Amino acid sequence: MGSLRPPQGLGLQWSSFFLGKKGPGLTVSLPLLASSLQVNFRSPRSGQRCWAARTSVEKRLVVLVTLLAAGLVACLAALGIQYRTRTPPVCLTEACVSVTSSILNSMDPTVDPCQDFFSYACGGWIKANPVPDGHSRWGTFSNLWEHNQAIIKHLLENSTASASEAEKKAQVYYRACMNETRIEELRAKPLMELIEKLGGWNITGPWAKDNFQDTLQVVTAHYRTSPFFSVYVSADSKNSNSNVIQVDQSGLGLPSRDYYLNKTENEKVLTGYLNYMVQLGKLLGGGDEDSIRPQMQQILDFETALANITIPQEKRRDEELIYHKVTAAELQTLAPAINWLPFLNAIFYPVEINESEPIVVYDKEYLRQVSTLINSTDKCLLNNYMMWNLVRKTSSFLDQRFQDADEKFMEVMYGTKKTCLPRWKFCVSDTENNLGFALGPMFVKATFAEDSKNIASEIILEIKKAFEESLSTLKWMDEDTRRSAKEKADAIYNMIGYPNFIMDPKELDKVFNDYTAVPDLYFENAMRFFNFSLRVTADQLRKAPNRDQWSMTPPMVNAYYSPTKNEIVFPAGILQAPFYTRSSPNALNFGGIGVVVGHELTHAFDDQGREYDKDGNLRPWWKNSSVEAFKQQTECMVQQYNNYSVNGEPVNGRHTLGENIADNGGLKAAYRAYQNWVKKNGAEQILPTLGLTSNQLFFLGFAQVWCSVRTPESSHEGLITDPHSPSRFRVIGSLSNSKEFSEHFRCPLGSPMNPRHKCEVW
């Protein structure tokens, strides 16, 4: 357990008082002053005899000197109190007034912060921000993403002569998406032709290609679908300097197995999903509903069978247990329903795969059971299911009728109100999702100041230092493990803003050289991108991982930690208000981007990240005593979050454990880093009218980052799929574990925000 800093500014130290600034000769020590006042005074008895011998003038002088000395002591005490309790000056700049207004508008000051800090911090924001039409959730992240979208729209619609070829391809892709006239002319034709090319779909017409293996290879290798299982290339967890083929469970059309298995609770969603399937079948020429619905029901039943053998995410958190490396030959024995060598060679062409190819499998039992399921299922149904995977992935690139079908299902699935969102928002999102690195340079030049990397690096350095200070005080960790943990923290690599290659036009064009976008053919461009991205994946198999390969594009409002690279990544999109603003008090910046940095850094030591060493290799580098102590510390957090609920539905403390550890550790590291900053730079000016200290502002700024609203349907989906806790409990859970928070807001022990029993890991 980390040692806690005593309260700042509470209580007085009577050993000395300082007049003005500290400096030589300006310190008056009370013990010395008291000693000087006793000079020439003897013991009480002798003093009484001396007093009687004094003349009346001497007696009056002694009394006068005593009174003057007492007055001097009182004045010094008053000056000391005034110095120690002096309120910092108020910031009245335009920026400070503006941020104060924003903070006040978000708050609900009628709520007791010690009872419900989330409502205190966000109550005003929630009242003023109902979920907008076309959305199922809304918050500060959404607001910033919309801001970034508007910037991207402007950049994509305004060509520049200096644009690289890759940037021009992104613009062609976007404009084809915006050409609604052409899309409406083509209607369903592009996808219907593709289905026919692949041998047909029994839902929409004659099924001519009774070849399970060929269909599986084509829909996987050329159109990036993942029926039955997913296949991809990534760093080998136990040999992080090498990439390796990885196979994992996949194949569900709904976000989680829970939707299929808890039928009563999710009946509305299951009915909506089936209706959506039927509607797409009709739009693709499937004839009358009586022939389509039974076949779609069979597909839904097959997905339910897949859900039954799918392992819940909360049981997959120990990566040491689920990691299995096999050869292609061993995989063939494990899951014989697939002819693996032709399948893998089709996906990774032109790379040659033989029987000795190493493959990492994350659930051997799932693959064994899915192979049995395939062998026992009718070939027509298997084809229908694989083609449904293709249709589900590609229908959004067709005309408005398909958009309407999507929106209707989204309303059932997420509670999204149907609305006519501007087409450009859909097209910006899709272009950024597929070609985000190609358009990255435009976004970076428009939004990312030259010194932003340096500023972010300084913040990361401060957070890292604070985290390591806390690490050094942990009582539950043995010294050898602590030393190795510090080495890992020191070795964490920072990636800020964007990968370097995107700012070099030649390097960027080289990456996108094999992708061509065609004017006015949106569906074709999307299919070409799917095929291109799989070729890029294949190209990585025989290469070592490198730090320029990011999992997020520059405009993304997010951040992440990569365990195999031991690196934290902060795209340019998140290095903006409300997370970071140059003109804001640093209390808000540390409470915003500082906590985000601390969160990602702590992921290196959560229940999954801690299993990787400083070089990114999965191996047991902790001593057993510390592993057991860690499990005890984290079990407290599992139980804490298990007790939270939304609309009567509980949070899964096991599934959300990694993110909860990161939330709590990130807050603690950022707070300590802010205290270090104040010690080095002095107290900040406070914001007007709030009546809050800078430390209180830190916690308020942290909480207001998470102000958000969700529909009931979206909340339900989040509880069963999202590894993060709901926003409300990301705030309440972390703050109620913080002793410093309770001290600064003076929350009574035993109040909701200051429980007697607190959980702490890092």
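Just so it is clear, glycine is given a Cβ too, placed from its N, Cα and C backbone atoms.
The topological domain 'Cytoplasmic' feature in Swiss-Prot is assigned to 1-60.
The topological domain 'Extracellular' annotation in Swiss-Prot covers 82-762.
What Swiss-Prot lists as domain 'Peptidase M13' is 90-762. Mean pLDDT for the domain 'Peptidase M13' (90-762) in this predicted model: 94.
Residues or ranges marked as disulfide bond in Swiss-Prot (evidence: sequence analysis): Cys91-Cys96 (among others). Less than 8 angstroms from the CB of Cys96 (disulfide bond) sit Ser583, Pro585, Gln685, Leu687, Pro688, each of them six or more residues away in the same chain.
Under the three-state DSSP scheme, Cys747 (disulfide bond) falls in the coil class. Marked as disulfide bond by Swiss-Prot on the basis of sequence analysis: Cys114-Cys747 (among others).
The DSSP secondary structure for Cys122 (disulfide bond) is helix. Per Swiss-Prot, the feature disulfide bond maps to Cys122-Cys707 (among others); the stated evidence is sequence analysis.
The Cβ of Asn158 (N-linked glycosylation site) has 10 neighbouring Cβ atoms from other residues within 10 Å, across all protein chains displayed. If you look up Swiss-Prot, you'll see Asn158 (among others) marked as N-linked glycosylation site.
Following the DSSP three-state reduction, the secondary structure of Cys177 (disulfide bond) is helix. Neighbours of Cys177 (disulfide bond), defined as other CB atoms within 10 A of its CB across all chains, total 23. If you look up Swiss-Prot, you'll see Cys177-Cys427 (among others) marked as disulfide bond, on the strength of sequence analysis.
Positions annotated as N-linked glycosylation site by Swiss-Prot: Asn179 (among others). Under a cutoff of 8 A between CB atoms, and with a sequence separation of 6+ in the same chain, the neighbours of Asn179 (N-linked glycosylation site) are Asp520, Tyr522.
In sequence order, Gln295, Cys380, Asn383, Asn384 are the residues of the chain that are 6 or more apart from Asn202 (N-linked glycosylation site) and have a CB within less than 8 Å of its CB. Among the features that Swiss-Prot reports, N-linked glycosylation site is placed at Asn202 (among others).
Look at Swiss-Prot and you will find Asn262 (among others) tagged as N-linked glycosylation site. Annotation for Asn262 (N-linked glycosylation site): no spatial neighbours, criterion Cβ-Cβ under 8 Å with sequence separation of six or more.
In this structure, Asn308 (N-linked glycosylation site) is part of a helix by DSSP. Per Swiss-Prot, the feature N-linked glycosylation site maps to Asn308 (among others).
The N-linked glycosylation site annotation in Swiss-Prot covers Asn354 (among others) and is backed by sequence analysis. Listed in sequence order, Ala328, Leu341 are the same-chain residues at least 6 apart in sequence whose CB falls under 8 Å from the CB of Asn354 (N-linked glycosylation site).
Swiss-Prot lists Asn375 (among others) with the feature N-linked glycosylation site, giving sequence analysis as the kind of evidence. For Asn375 (N-linked glycosylation site), the same-chain residues 6+ apart in sequence whose C-beta sits under 8 angstroms from its C-beta are Ala337. DSSP assigns Asn375 (N-linked glycosylation site) to a helix.
What Swiss-Prot lists as N-linked glycosylation site is Asn531 (among others), and the listing cites sequence analysis. In three-state terms derived from DSSP, Asn531 (N-linked glycosylation site) belongs to a helical segment. Non-local neighbourhood of Asn531 (N-linked glycosylation site): His222, Tyr223, each in the same chain, at least six residues away, with C-beta under 8 Å from its C-beta.
In sequence order, Ala559, Ala662, Asp663, Gly665, Gly666 are the residues near His599 (Zn(2+) binding site), counting only same-chain partners six or more apart with C-beta under 8 A. Taken residue by residue with DSSP, His599 (Zn(2+) binding site) is part of a helix. The Zn(2+) binding site feature in Swiss-Prot is assigned to His599, His603, Glu659.
In sequence order, Tyr561, Glu600, Thr602, Asp606, Gly658, Ile661, Ala662, Asp663, Gly665, Gly666 are the same-chain residues whose CB sits within 8 A of the CB centroid of His599, His603, Glu659, the residues recorded for Zn(2+) being left out.
Checking Cα-Cα distances from Glu659 (Zn(2+) binding site) against the recorded positions (Asn158, Cys177, Glu600, Asn624, Cys759) with a 10 Å cut-off leaves Glu600, in sequence order. For Cys427 (disulfide bond), the nearest neighbour among the listed recorded positions (Cys122, Asn158, Asn308, Asn624), judged by C-alpha distance, is Asn158. Closest to Cys122 (disulfide bond) in space, going by CA atoms and restricting to the recorded positions Cys91, Asn158, Asn308, His603, Cys636, is Cys91.
DSSP assigns Cys96 (disulfide bond) to a helix. Recorded residues Cys747 (disulfide bond) and Cys759 (disulfide bond) have their alpha carbons 17 Å apart, per Cα-Cα distance.
Ranked by CA distance from Asn158 (N-linked glycosylation site), the recorded positions Cys177, Asn308, His603, Asn624 have Cys177 at the top as the closest. Among the recorded positions listed here, namely Cys177, Asn308, Glu600, Asn624, Cys707, Asn624 has its C-alpha nearest to that of Cys636 (disulfide bond).
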